[in-house]
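> Sharing the record's features from TrEMBL:
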- 7-29: transmembrane segment (TRANSMEM)
- 35-54: transmembrane segment (TRANSMEM)
- 75-96: transmembrane segment (TRANSMEM)
- 144-166: transmembrane segment (TRANSMEM)
- 172-195: transmembrane segment (TRANSMEM)
- 207-229: transmembrane segment (TRANSMEM)
Amino acid sequence: MTLSLPWITSLFFIAIRLGTVLLFTPIQAIRQLPIPTRLIVTFTFSLLMVNYAPQQSISNNSAILISSLAELSNGLILATSLYAAFAVFQIAGQLIDNEIGLNSLAVFNPGEHHQESFSSQFLSMLAVLFFFSMDGHLWLFKGLAYSFTIIPPGSLVLFAGFTPVIKQFGFTFAFAFTIASPIIVALLAVDLCGAVITRNMPQINTYFLIIPIKILLGLLLLVLMLNYMSPLANTVFERCFHSWQEFMS
């Protein structure tokens, strides 16, 4: 390892891309780490990757600034795709809580630093569990290392345009509705039964009868769906890393 100017410049650009992804990552296990710890992790992985990435010498200050902004953009694009994958479970939880009636039962999310609905928090925690169980953290760093061979440090990824970003967010909403649709359909059937009861027996206040049934049925269906959640989560994260490949193709 020689401390030449191209080597130091490449290390700086690699650290910017890695640091941006780790700083804006939606993975709570990483976001809850202190900032100095994440900086140490970023610097360590940058040292491991710098010898395998193309090196270039940039002596102009304006060129260094432009390349730094390019690396910041690259990191934000990769982090956005990762955000879209985890947003699948947050949106699905919000759809479920809207139908169950648990919108007011919000809990504090320490990773996002805001109030989040019960099902969204629950599904987000499961998403992190599934992510590490499928070795997603290894795929994350492999994808980052692969990005430096396709996109040299200091270059901007504009090969595929914004089409993969749009496709990724379209996939996010479609897959979130796929996860929540069984519970939504079942609870709509409960609402339909309540409407029939109200129509035939208007003296009965079905509101206080339907709400507990919807909560119990919704939570029961959510628990029963856990057996089928793992392959769905694998598909979501595989689609995320596939979008990374589309960005760099």
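Note that Cβ sites are derived from N, Cα and C of the backbone, with glycine treated the same way.
Keep in mind that TrEMBL annotations are predicted by a computer and have not been checked by a curator.
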> The transmembrane segment (75-96): which same-chain residues, six or more beyond its ends, come within Cβ distance under 8 Å?
16-21, 24-27, 116-124, 126-127, 140, 143-144, 147, 157, 164-165, 168-169, 171-173, 175-177, 179-180, 183-184, 218, 222, 233, 236-237, 239-240, 243-244, 247
> Looking only at residues six or more beyond either end of the transmembrane segment (207-229), which have a C-beta under 8 A from one in the stretch?
96, 99-102, 119, 122, 126, 130, 179, 182-183, 186-187, 190-191, 194, 197
> Which bits of the chain, at least 6 residues beyond where the transmembrane segment (172-195) starts or stops, bring a Cβ under 8 A of a Cβ in it?
84-85, 87-93, 95-96, 99-100, 123, 206, 209-210, 213-214, 217-218, 221-222, 225, 229, 232, 235-236, 239
> Same chain, outside the transmembrane segment (7-29) by at least 6, Cβ under 8 Å from its Cβ: which residues?
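Result: 1, 38-39, 41-43, 45-47, 49-50, 53-58, 64, 67-68, 71-72, 74-76, 78-79, 82-83, 85-87, 110-111, 124-125, 128, 131-132, 137, 140, 144, 147-148, 153-154.
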> Please report, as numbers and ranges, the same-chain residues at least 6 past the borders of the transmembrane segment (35-54) whose CB is under 8 Å from any CB of it.
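Non-local partners: 1, 7, 10-11, 14-15, 18-19, 22-23, 141, 144-145, 148-149, 152-153.
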